[in-house]
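Here the structure comes first, spelled out in structure tokens, and everything after it is commentary.
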Amino acid sequence: MLLKREDVQARTITEDGRIFMEKAARDGLETVWDRYRAQQPQCGFCELGLSCRNCSMGPCRIDPFGEGPQRGVCGADADIIVARNLGRMIAAGSASHSDHGRDLVEVLRKVGEGKAPGYGIRSEEKLRKLASELGVSEDGQSVEALAVAVAEALEEEFGTRKKALAFVGRVPEKRRRIWEKLGITPRGIDRETSEMMHRTHMGVDNDWKSLLLHGLRNALSDGWGGSLIATEVSDILFGIPQPVASEVNLRVLKEDQVNIVLHGHNPIVSEMIFQAAQDPELMGLAEEKGARGINLAGLCCTGNELLMRRGIPMAGNHLMTELALSTGLIDMMLVDYQCIMPALGETARCYHTRMVSTSDKAKYPFMEHREFHPENARDLARDLVREAVENFVRRIPAKVLSPPGAPVKMMAGFSVEAIVSALGGSAGPLIDAIKSGAIQGAVGVVGCNNPKIRHDYGHVTLTTRLIENDVLVVDTGCAAVAHAKAGLKVPEAAEKAGPGLRQVCRALGIPPVLHMGSCVDNVRIFDLAAALAHALGTDISDLPLAAAAPEWYSEKAVSIACYAVASGVYTVLGTPPPIFGSQNIVKLLTEDLEGLLGASFAVEPDPARAADLILERIRAKRAALGL
Amino acid sequence: MERILVRWERCVGCRSCELACRVAHSASGDLFSAVLERPAPSRRIYVEQADKTPSPFLCRQCEDAPCVRSCPTRALAHDETTGLVAYEPARCIGCHGCVMACPFGMIQPDVREGFIAKCDRCKGRDRPACVEACPTHTLVLEKDFLDLRRKEAVRNLVQSGNPV
Amino acid sequence: MGKEGRSRVRTVCPYCAVGCHVDLLVEEGRAVGLDYATDSPVNGGNLCAKGNAVLDLLDHPDRLRTPLRRTASGWEAVGWDEALDWAAERIGTIRDRHGPDALGFLSSAKCTNEENYLLQKLARLLGSNNVDHCARLCHASTLTGLAPVLGMGAATNPLHDLAQARCLFLVGSNPAENHPVAFQWVREAKDKGAVVIVADPRKTPTAWIADLHLPVRPGTDIALLHAMLHVILREGLEDKAFIRSRTTGFERTVRAVRDTAPEWAQSVTGVPAGDILRAARLFARTRPGALIYCMGITQHHNGTQAVRACANLALATGNVGRPGSGLIPVRGQDNVQGACDMGALSALLPGYRPVADPQARAAMEALWGCPPGTIPDRPGLTVTEMEAEAGRTLRALVAMGENPAVTSPAGGRVAEGLERLDFFLAIDLFLTESARSAHLVLPAAAWAEKSGSKTSADRRVQWSPRAVLPPGDARPDAWIITRLARRLGLGAHFPCESPEDVLREINRAVPAYGGITPERIREAPGGIHWPCPRQDHPGTPVLFEKTFATADGRARFFPVSFDPPPESPDADYPLCLTTGRVTAHYNSGSMTRRTPALLELSPELFVEVHPEDAARLGFSEGSRVRVVTRRGAVEASAYLSSAVARGVVFAPFHFPGTNRLTLDVVDPEARIPAFKAAACRLEPL
Amino acid sequence: MEPFLFVDFSRCIACQACWAACRREHGGVSRLHLLCFQEAAVPLACRQCRKAPCAGFCPEGALVQEEGRGVKFLEERCTHCGLCAAACPFGVLEIVPGPVPDLSRCDLCRRRWEEGLMPVCVLTCPTRALSLDAGGAVGRRRRAQPAAFPVS
């Protein structure tokens, strides 16, 4: 499986990526790119969203060229099928984020009940803030009791008894009225997902417009529900992120240290691993085994969670997960859930790496399953770190390749609170900078990696273009890691920004691209946007903001994009979503939503052109505001 | 030119070949744009449920072709060099005789280039779009077909437990 | 339905026995056009060439518009009263003078059930069983052949059921030309992958789609069928369970085919033994299979035997009594089935009860309210016998819609016989070849000019309502018969005024029609298949699903023996003449030869000859030739085609002359003439 | 797609129903001809050519190609020169002599067509040898092919 140099070049813009892609090929590994190539050509019906497997009268397909069948067996036409498929993608994405949130709420309750040794309330301030938002009385309650009460109130958010989610209160008044008018105010997190699965069952909602509207509601139940709970409770349990310096790329894996890599999305497990890795006894053991310490490194969003709060270095983003294994340096990889390629277990068998799955709901081939619960987390984490240390000696020298050079420096930890504090305690200076034009606008560049797009190229090209035009970029998830690898996340990167933004960055000592967390943390961006809108007494959609997901792949990204647009943020997608089989739906999503929500979607695979679309948008919004 | 042969037993009816054929014969050459073209680009390969199994059918480029014989203007003619039944739109009067004559149903009336749509084995392409698009390698070029058949035959022989 | 004042009336096509619906567009009592009954469950709107030309029969310039009496100086138009009075007087006188057996009645498969019922009733009330109709000439052998085998002689399955068959074996049947609309179901079956086997001396359009064509020598079908049965038994392909549980008499049939190997059959039939073997295996292995036969089987000196040979093959393979299978004689005329059902047969009363059965006679006499003993206990004369006796013991003949001078064998002699009658009354649409010999001709109404029920080949009883007015003074046959009967003093027995009233009487007279009331049948879009004994009975599309109509409920195998046609080619008459239909014409041609479109398609008598035979005899396409048999000679133009085998000559029977050539032999049981095989020679002119 | 009379030769049984129907519909002159051969028959009528030679040859512009509706005949321009009949490769265009010479050419029963009715030949054909649905007919032909030859 030898690779041509031009293949490697075409696959990624990252240097470490290229080196280890070749290494992986030499080691006989099959990577995500190989599998993508083997899948070519991919099914055009599915690419267009025109295939339906919802029931066993099917599967059905609609001929996009009009000659073949125009209806499925049940009679659903292209519009209905595309809408149903999109609806189910949203439901899956929303369910993923929300289930992640629920797991954290469970830990919060256990902490309050004293059944989660090792866990605690790191941010009492946030706990109290949430309590007041949720209408939980703090009077005379201990922190533990309050934690239980807040957890209970949050559990209610998942249910079916509400007219609106509690956190809808954070949304500007104007926006809330828009949602009410369209009937898309989210009511219960699980309810909306469950209702979507119901509506998309054969013979339920067959009006593509109302299906899509419910899709927006389902997405809002994620953005202002599930994801938001995940972020806020993580902050309560593990602390509100503060600016922190760290490093990124495969070179953060150290040949002379025990390397434990944390992959997935939920910080519950990895926070315990982090604690265990600080244990002097285990550090001693590591030295005993000839290692100079225990090195924790992150992949994907579990990595981002720990980076944001603990400053651990990042080995890479989604497409780097297999290549990280090919260093031969990882003594243990712990995974929780989401975006963990099922291939990883088998890939790791080529090396000494121990693969451990930790979640009761996520098991993988060729991985050891060591289930974490709040009750056993601390002890199990210690056991696992010990085992990782013991595995250090089993490295296979012939298969080890130490990444040459040094890692790239980065800054992370820009929670809303951290940004406000960096601004001197209020959003005022940011508003002023926007008003003055020093900062033209702000864009959230988020999302995954996708082998359909040259690795990191979409993110880095788009973001570079934006900051050059004095647009502040905030990011999360795999996009954030891509930017960090490209060196855009150090204060010195201000030099790459346009003059206005450069000046602001220099003045505040911040990079032009601010890392706001993992992909559930996208809600931080909307929190900030809502705060700005409040401050200006206007709606989110009136602000010079936009969002972009240049390399998205997952169903979660679909949910995010939908709650972004529903929240009033113009969103540009790099990978075409499977909607192009219905011109009605394309028109609705890319044009008609503008009139309903003040925001819409655009699809633009070329990141440079995507940047132009965004800049044009920002200019228009600024003009509308009279700036 | 190498013929396109069909390993019928492998077809799963995904219709990828049909889509690829249309895209290859569209103005833009790209799926997402091709679906917007009007008139819609036509296909020249047909996946049909024949005798309970899905199978792709395409022009067999007959040597003594009924469509050629039915053509009053020689718009269809057997091309000696390529071995294809070639269609010359400029000569076509659109009488549909070939559509009726083809016993396999491989010619359809069309409105884009000329008045019929018939497999041209993807002019200017090394490998026809359908062959490239086929995920199960049901559609293969003649040499590959024979090569694969031989390999299959040998594998079956070996697996039969009676190696040579 | 479109224009103001225009109505659309659904009628049943007057031609063949498929029973197609034709929608007439009617304005002020006149047909102004026809349209396709696309929603019809019978034909789905399809029509054949004849069906398309059907309007030409209405208002045709040749139509009889008034009663005509023959005088020394020619035809004299008379009023109805005068005509009927005279007819009654003549019939009455002849009956008084010569006895009722001197009267003969030719009923008609072209007339409705009600009319046939009335005419046979008239004959029998006059004390004569001399009532018969042209079923005698086409499918009498089906009745005699199948009645003892299955219990009744009718198609076991509806025609559209052919589409469900996996194998279709057509013997002496050419639906593509003769019943084109019915051929759609053969085609549909073939589309679904059915095997089609055609045994026919000619490669007819039916055979074009055949997987296997067996060009059998005319008159040797029994040898072919025997050889197939021989193969099936030899190879154990018979349906043993069916034979065991539902039939009797199998062993004797096994013995009868012991020596009929394909090799023997090859020498007799001219069909290669290998093809016979293949046909047998295909038919036995591909089930359900339908066996369709037609006049290629029935019109032989041994027609009854040939029908039974077909039945043996179908029974041995279990192909009776289930959908998609069956033994299907395709009837020729629109109501030949119904005319038989109505007892327009010399030996059978309505409902197929033999005249010899005292109980049957008594029941009918009670129903009719006539004195016991009115109906004679001996079978009367058949069509051919009446023709032979015409002017001898038979002194008066009433012919309703029949043209025996053309349709009967040795037609020349028939015409002479008609001339000798004391009184010949013809009731018809046109002054046919036969009617020219009549003393009195009464103008009848055509199909759309009268109401009535008709029974198609597959026992489907349909109502065809009156749509238009008859031309001139023409009257429905039922009206004529009733008026004649009243003048003959039988008014008390003919109380019915409308076809509906007559059908209500039929409901009581014919058990299988018991539930087919006028009210029900007028509302049934696809008619009702008899047997339908009760009002709440849905009808019976497929016969014998559980039991056969025989006394013990089992089908009976009949050993059949093969004997070669009475006349084989010899030095003087070296060719074999066979007859049949062409797609443009119908029966004697009295209707179709008066239709310009159809006459344009097929203007004159022709003989189809193999090109090699023609070359040897020295004539070419279009030449005039004389066809000569021991019975007569006619001129025709030659049509060269390799569709006929070498040594075989085909002539359509729609033109006067063909039947002068055919054999003067009848099947001993069915009394059906052997039209299908005669030795002939061709003389170029 | 512009309709044309699709003829499936393999289904024709020479029953002449189409001919008789056409003749009746068009005042005693059939615009459709049934050609019979030894073991096949072919109904032949105007093919509704998309670039019709008859229209191309007409010096008076009496036959014009109407987009979406086939060839249209403008009677007032016709001089009965007969070039159109000579130009037709199929011999299905005929000048019918008479006091007012007429052009006899299958127009797919345009009069019925305007009332939403099918041409009479299509309706009457018992074996579906004639249809206006070329796509469907061609598709049926494809499906009629034996799919897989046995490979064990």
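Each residue, glycine too, has its Cβ placed from N, Cα and C.
Take the [4Fe-4S] cluster 2 site that TrEMBL assigns to A:C52, A:C55, A:C60: the candidate from A:C43, A:C46, A:C74 listed for it is A:C74. Among A:C339, A:C505, the residue that TrEMBL places alongside A:H265, A:C301, A:C448, A:C478, A:C519 at the [Ni-4Fe-4S] cluster binding site is A:C339.
If you measure from the Cα atom of A:C339 ([Ni-4Fe-4S] cluster binding site) to that of A:C74 ([4Fe-4S] cluster 2 binding site), you get 34 Å.
Neighbour counts of Cβ atoms within 10 Å were taken for the binding-site residues A:C55, A:C60, A:C339, A:C478, A:C519; the minimum is at A:C55. Here the binding-site residues are A:C43, A:C52, A:C74, A:C301, A:C448, and the ones sitting under 8 angstroms from chain B, going by CB atoms, are A:C43. Listed in sequence order, the residues A:C300, A:N304, A:N317, A:H318, A:Q338, A:G477, A:S518, A:S554, A:K556 complete the 8 Å Cβ shell around the [Ni-4Fe-4S] cluster site centroid, once A:H265, A:C301, A:C339, A:C448, A:C478, A:C519 themselves are left out. Other residues of the same chain near the [4Fe-4S] cluster 2 site, with their Cβ within 8 Å of the Cβ centroid of A:C52, A:C55, A:C60, A:C74, are A:R53, A:N54, A:M57, A:G58, A:P59, A:G72, A:V73, A:A76, A:I81, A:M202. Counting every protein chain shown, the Cβ of A:C301 ([Ni-4Fe-4S] cluster binding site) has 34 other Cβ atoms within 10 Å.
Among the binding-site residues listed (A:C43, A:C301, A:C448, A:C478, A:C519), A:C43 has its Cα nearest to the Cα of A:C55 ([4Fe-4S] cluster 2 binding site). Ranked by Cβ neighbours within 10 A across all protein chains shown, the binding-site residues A:C43, A:C74, A:C448 are led by A:C448.
Annotated pair A:C43 ([4Fe-4S] cluster 1 binding site) and A:C52 ([4Fe-4S] cluster 2 binding site), C-alpha to C-alpha distance, rounded: 13 Å. Comparing A:C301 ([Ni-4Fe-4S] cluster binding site) with A:C60 ([4Fe-4S] cluster 2 binding site), their Cα atoms are 36 Å apart once rounded. For the recorded site, A:C301 ([Ni-4Fe-4S] cluster binding site), the DSSP three-state label reads helix.
Around the Cβ of A:H265 ([Ni-4Fe-4S] cluster binding site), a 10 Å sphere holds 29 further Cβ atoms from the protein chains shown.
Here the Cβ of A:C52 ([4Fe-4S] cluster 2 binding site) has 26 other Cβ atoms within 10 Å, regardless of which shown protein chain they belong to.
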